[in-house]
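As recorded in TrEMBL, the features of this protein are as follows:
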BINDING   422  ATP binding site
DOMAIN    1-123  domain 'Bulb-type lectin'
DOMAIN    392-664  domain 'Protein kinase'
REGION    1-21  region 'Disordered'
């Protein structure tokens, strides 16, 4: 629809309208809400949601008056006018516009009387480029402040004159040392060079008049479609990651604070992290007390800053000792290949995961303050009064289990949400479980385990403090939610949990059997990452121990057969529980369900095997699952059936489960699970 001179928009519905749409309705230009006000921008309309792709005057505060207007004036200017008569140019043009158009490409264009383009939003990108859009030599994308705040953020992507596509923190001098990613492309630089998001292929290309260089190429697995139109976009997100859409990576990049630090504001990652204990300075001599600190390491992590000191031909143990004894050392990069130790001081700005497949094996060493409780426990000690205040007198109960209840609380003046488990009736067995859970989880850091932050021991009172998981349990998501998670979400959740169990079984100092894997003990964080919780029943093996005799632990319906037979318990008991849960994830229903169409469907594992053996897996597809890939469905079913085999020896290890779910290893035909 052509926008003529004198046309206007209003922030609220009615007359005039709030936006001008493209002919297909895929894109709109106009007012969108931000905080308690309104901003002017362009957004992609999909399933009634708005994905903002461009913002005008992005660092201006939102307007708050509903009487403001956006107008293509009679004299050919596109202006934002407040109720007090103040005007702000949206498009700075050399001539006067005669008309405007919101194109289906997402480009908002002003034309003169000869229908020549005199201004277009594609020439002034903010954090996004769309299919068909180019980023000229020297131009840049700048990230937004957050996923809901579209003002200038902390990162930028530049199409450099040397042919490189480079990511920098915003307030840097654009030098190679400041870059945290570069495309690595080197070419004889032509006079005309630009970055182009190819609308036909979805590839990101560096182009000139005579040559083409592909920097990023992908084939969309799922796309935004309307009348067979695919929308491609690349956005420099607020966390500094350039993401390509329509494809979504199950292993989405995420931010976390290094050991010894916490987010300044958990709701705003861009503010960074700060030490979670007060610093007294090296001059006092207090900080040189090595008994107050411990060393923790993380594999394939590097600190991108220039070191203040470098030591060579050193073992990792000596590197740890050197950092521990150096007051100014907060972290160190250690190369297993080259045996160098790069020591870093505060502030640590560019801590990042090393590139997958990089030739150099790096280990990051971090110094953290510790409180010693029973050997090497590294947790914060809370007083009972602190936790009572944090939970407002244990007011909001999140859930209840056999050992006690869990309450919602806040720390840091309400900035950090926590979950406090208050144990009841702490008898001798409960005390052992309390100590075991602290020893096990106090030193474990994995993205798919709920993090234990601290504890309280006062008289008979025993409390555990965990990170808060804002989106409830997997059980709520699968069985109680009005909208079941879609197929790709369920695949990601299944992998999240599998990787968490793999960490417990194979990557801890001593193997840990969780003993109670079930949807109720899988919690979802604010980004819908699945994390394993509730280690109150966990069994700890010695380093070389394969199994153990123990009393029955866990939940009926998820218990492996060996529990009932008083046989030794191994990590394969968790594999069985995971298999039952995996089939529940696939089918979005409980393992035992009486409200079903036929008696054959009551026991889920029996029903799934019948469908698998009869080549009728389509019967398992949940209503609304349009994107199910039948081969992936078959693979997940086969993995689940292998996991619930009667004999532990027939069940795969969790490492094999992860490899099978990732499609790396083939999956043979499973036999019928006899006792499930």
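Cβ atoms are placed via backbone N, Cα and C, with glycine included.
According to DSSP, residue 422 (ATP binding site) sits within a strand segment. In this view, residue 422 (ATP binding site) is surrounded by 21 other Cβ atoms within 10 Å of its Cβ, with every protein chain counted. DSSP labels the residues of the region 'Disordered' (1-21) in these numbers: 0 helix, 7 strand, 14 coil.
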